[in-house]
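Here is what TrEMBL says about this protein:
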- A:70-180: domain '3-dehydroquinate synthase N-terminal' (DOMAIN)
- A:107, A:108, A:109, A:110, A:111, A:131, A:132, A:143, A:152: NAD(+) binding site (BINDING)
- A:182-325: domain '3-dehydroquinate synthase C-terminal' (DOMAIN)
- A:185, A:247, A:264: Zn(2+) binding site (BINDING)
């Protein structure tokens, strides 16, 4: 079983990767769960239908009583209405500030459960048990949030989990599209961290369908990148911003289509292509590298063409609501080269030009 | 102008008391407000109608642009719906993580604004400008929250304000009932801190209508008690629990009648009488002291009789949802004597007996 530690202001917690992670309910996390007066699993519909018995069985083996709350799958789980109904669920089941939550599902389930845990009676502990590849990113780092009609992740807290338990065999049942979504964030971690790693992924013939063994190795590398950045800058005043690579445009596209219509990672893949185009001017990225990335994205099945239909102005409105906006100026994460990110303020005009350029390059790539 | 400092994990902030506190927008808080890309005043209807121009004028003099969001008065402001609508308001006005909020109103307005600030884009700074005596308590200490249909303050965060500005002349327009409500929390601070201070308040002929000068002095003493406890135990793992003196029964009564039907402080006054009765058994409080307290409460105009109508069982259901409950056991803050609080687990049976006793004593006091 792989294990790495995330250090934060309020202490550290562990991220575990492997087939036996749920055995930790009987060991590493037994005290936390036994001392809780109530335990709830917040499972999304998808994970609940496919895998709930696995986590239930492990909790039962550890003699831990629990209740299960099944929530809608996808981004619907992150509405204000769902957030409030979860709080009512806990109160109606007599949960207290000594209770513990377990998030069992995709990234959206973890974000919602984390925000419920952050704010129920001003904060209770929670465990992250992600069931998707994408959640390897969101489950680590303590960013919790819900969406507003006006934008994604607009309301939330920093609330670190008590532990993160990854069980890679759960990823076997993921649809192709969900795998692509998760692997986009993995690719982002490579782009931020390491040129060689980036190159090896670009050359990977089976991306995004890595074998379970290879996936476990790659995920652990991705989480390590995330954990190191979070430890340096938990509250995103500095280097943590780099994790938003591809997210300013990506989130705008996601919001434009309506959350859930296109997958998060697919949008981020397009957002990274956009950042690479901007990085040609502001950094040292070559047009050749951007082209290889776009070809790789097409070859890996990312639906890059969807973007070609969207006009710039509606996306701009969403980008202006982005949390990275400061005094009306848009700040983007760009790359000097893979492994060396930086932030850059960019004018609306330049953003629009780069967007036109992106459309042209995507057409070439098709 | 009186000033005292509250020390917390993420740094310290100041509480200012005096007629010129809003001049600080041009000095102590000028940098915070000028560096913000947007500033909003969240004012409750009551404070907005009576006093808004005072704070607006000071901000204008300091050349600080702002928008005003008027919210319902009283506990209605603390509904989940109001919370979500405030988040939408900020997004629709293009607020960002570099914006600042100002809470201008009663304690409920501060609680709501603080929780919006705690969670808007995962946290932005806010200033507390309380307009009621009661808010001298809630504005200091960083407890923010909204109510749920199932109970009061059930969802919230710890989020310390950037500063707290008290302007005692605003309290002149408070209705008698609101003054009584605020002075109950002041009395609580005396009971927790100091026997002599408690005695002097019990003998005060003008309670709860102290002169502005005397009120300023007493409030500063009350805030000092609160600030010292918060500095010792920001997240309520220890001594901060003592601030809940009178609140377990008090909140239950408030919830039973529906928030806003009876005032918070009035309920706390009854809750303190109940705690004194329990303290006769578990602490060193004399029945004579409790009697003097009850007489004082009647003489000061607290509507103690309302309680005599309520049955125990419905209150018990609310008490069990209290955040102080641990593994189904109810924990109360009691007093060895004034100035020496402690916590005590008490059985449901004993709670019910003490409640019957309270009803009898209240009848005697009438």
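From the backbone N, Cα and C atoms, a Cβ is placed for every residue, glycine too.
Counting only the Cα atoms, the space from residue A:185 (Zn(2+) binding site) to residue A:132 (NAD(+) binding site) is about 12 angstrom. Of all the binding-site residues listed here (A:107, A:109, A:111, A:132, A:152), A:152 has the Cα closest to the Cα of residue A:247 (Zn(2+) binding site). Averaged over the domain '3-dehydroquinate synthase N-terminal' (A:70-180), the predicted model reaches a pLDDT of 94. A helical conformation is recorded for residue A:109 (NAD(+) binding site) in the three-state DSSP classification.
Per-class residue totals from DSSP over the domain '3-dehydroquinate synthase N-terminal' (A:70-180), listed helix then strand then coil: 46 helix, 32 strand, 33 coil.
Taking each of the binding-site residues A:107, A:109, A:132, A:185, A:247 in turn and counting other Cβ atoms within 10 Å of its Cβ gives the largest count for A:109. It is 10 Å from the Cα atom of residue A:107 (NAD(+) binding site) to that of residue A:264 (Zn(2+) binding site). When the record's NAD(+)-binding residues A:107, A:108, A:109, A:110, A:111, A:131, A:132, A:143, A:152 are compared pairwise by CA position, the greatest distance found is 21 Å. A distance of 11 Å separates the Cα atom of residue A:152 (NAD(+) binding site) from that of residue A:264 (Zn(2+) binding site). Shown are the binding-site residues A:152, A:264; the one with the most C-beta atoms within 10 angstroms of its own C-beta is A:264. Mapped onto DSSP classes, the domain '3-dehydroquinate synthase C-terminal' (A:182-325) shows 105 helix, 2 strand, 37 coil. Neighbour list (residue A:111 (NAD(+) binding site), Cβ cut-off 8 Å, at least 6 residues apart, same chain): A:78, A:138, A:143, A:144, A:145, A:146, A:153, A:156. Excluding A:185, A:247, A:264 themselves, the residues of that chain whose CB lies within 8 A of the CB mean position for the Zn(2+) site are, in sequence, A:134, A:137, A:181, A:184, A:188, A:246, A:250, A:251, A:265, A:267, A:268, A:271. Of the recorded residues, residue A:109 (NAD(+) binding site) and residue A:264 (Zn(2+) binding site) place their C-alpha atoms 14 Å from one another.
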